[in-house]
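Chemist: Below is a structure I'd like to ask you about.
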Amino acid sequence: MQDLAGKKIIIKSPAKINLHLEVIGKREDGFHELAMIMQNIDLFDYLEFQINNEGLIKLESDCTDLSLSSDNLIVKSANLLRKKLNIDCGANIFLRKNIPIGAGLAGGSSNAAATLIGLNKLWDLNVDQKTLFSLASTLGSDIPFFINGGIQLCFGRGEILEKLDSNFDYGVILLKNPNVSVSTAETYSKYSNRFCYQYLTNGEMIENIRNNLRDNGLNNLNFDKQHLTIKNDLQLVVENDNDSVKEALYLLSKLENCLTFSMSGSGPTCFAIFKDIETAKKELNANSKLFEDKGYDAWVCTFFEKGITFI
């Protein structure tokens with residue numbers, strides 16, 4: 001391996017929203033069978049990677065609410081890559097956090113994918129994409145999506161990916177109460193307790209749902225033409241149990257130029273979609289005081305056509 005002293009890499013790690021989230025059943029491995037459309041947005045964390053000569057993974061961040069120890073997905077990703085390749089390379093990693101934690105925007109999953117990609121380049125490993133996908137899948141269900149990102153169909157527990165070709169340029173307003181976070185595991189457990197009677201076990205029926213999303217998923221995202229409702233099965237649970245999510249959805253639904261609205265992932269972040277970023281910015285400017293008075297953080301962004309990207 002060549003001398004890499006002083007080498008530094010900076011990566012943009014994007015958030016995602018769910019444009020479709022359907023819980024189909026329960027798998028033998030304990031995970032849920034899902035049919036989803038995931039879309040990256042241009043709300044980014046930034047990760048800086050630099051070689052250290054101590055053979056250690058050292059993580060620092062500007063976010064004081066984040067664990068920086070071995071249970072952090074960034075550290076887990078780095079250690080898994082080292083174990084897989086039987087190497088003892090070290091790295092100093094700094095995370096500049098913009099994506100809210102526990103928000104349904106998959107910031108942690110995105111950071112994990114960024115770590116695999118960033119260290120692969122930093123350490124000059126030349127690990128192929130198939131291996132990166134395999135490692136990502138080991139770490140978490142959402143993580144493989146971020147390797148290529150953009151907009152994708154996601155099946156299985158989220159690791160079976162099919163790229164969609166779209167040129168959507170919608171604007172997005174995100175709304176989240178900073179004092180509220182939601183456990184993904186608890187949300188799925190609650191959903192299972194309430195709706196497991198609807199679960200499918202027949203493979204052919206599951207494949208029919210996948211095919212329907214393949215055939216119609218992209219067409220159903222023309223919100224400006226059809227004003228379609230976004231399906232998120234988990235919203236049924238979170239909205240019922242969390243008044244702030246219910247209120248956020250109501251506030252977004254009343255925005256004058258809102259095309260559609262939903263909760264992202266397991267929440268609690270909610271979002272509204274507008275025909276373009278300019279319209280979204282105008283709506284946020286007009287309603288920023290209302291959101292602030294009611295205790296919500298708000299962001300405006302747009303769809304992002306890529307996943308992890310180098311700066």
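Every residue, even glycine, has its Cβ placed from backbone N, Cα and C.
According to Swiss-Prot, the protein carries these features:
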| type | residues | note |
| --- | --- | --- |
| ACT_SITE | K16 | active site |
| ACT_SITE | D142 | active site |
| BINDING | P100, I101, G102, A103, G104, L105, A106, G107, G108, S109, S110 | ATP binding site |
Chemist: Take the mean position of the Cβ atoms of P100, I101, G102, A103, G104, L105, A106, G107, G108, S109, S110, the recorded ATP site. Which other residues of that chain put their Cβ within 8 Å of it?
Modeler: A15, I99, G265
Chemist: What's the CA to CA span in angstrom from G102 (ATP binding site) over to K16 (active site)?
Modeler: 13
Chemist: For P100 (ATP binding site) and D142 (active site), what Cα-Cα distance in Å is obtained after rounding to a whole number?
Modeler: 16
Chemist: When a 10 Å sphere is centred on the Cβ of G104 (ATP binding site), how many other Cβ atoms does it contain?
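Modeler: For G104 (ATP binding site), the 10 Å Cβ neighbour count is 31.
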Chemist: Tell me, by DSSP, whether A106 (ATP binding site) is helix, strand or coil?
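Modeler: DSSP assigns A106 (ATP binding site) to coil.
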Chemist: Fewest other C-beta atoms within 10 angstroms of its own C-beta: which of the binding-site residues P100, G102, G108 fits that?
Modeler: G102
Chemist: Tell me the Cβ contacts of A106 (ATP binding site) under 8 Å, same chain only and six or more apart in sequence, or just say none.
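Modeler: Spatial neighbours, sequence-distant, of A106 (ATP binding site): A15, K16, D142, F145, F146, G265.
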Chemist: For S110 (ATP binding site), just count the other CB atoms lying within 10 A of its CB, please.
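Modeler: Here the count is 30.
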Chemist: Just going by other Cβ atoms within 10 Å, which of the active-site residues K16, D142 has the emptiest spot?
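Modeler: Sparsest of the active-site residues K16, D142 by Cβ contacts within 10 Å: D142.
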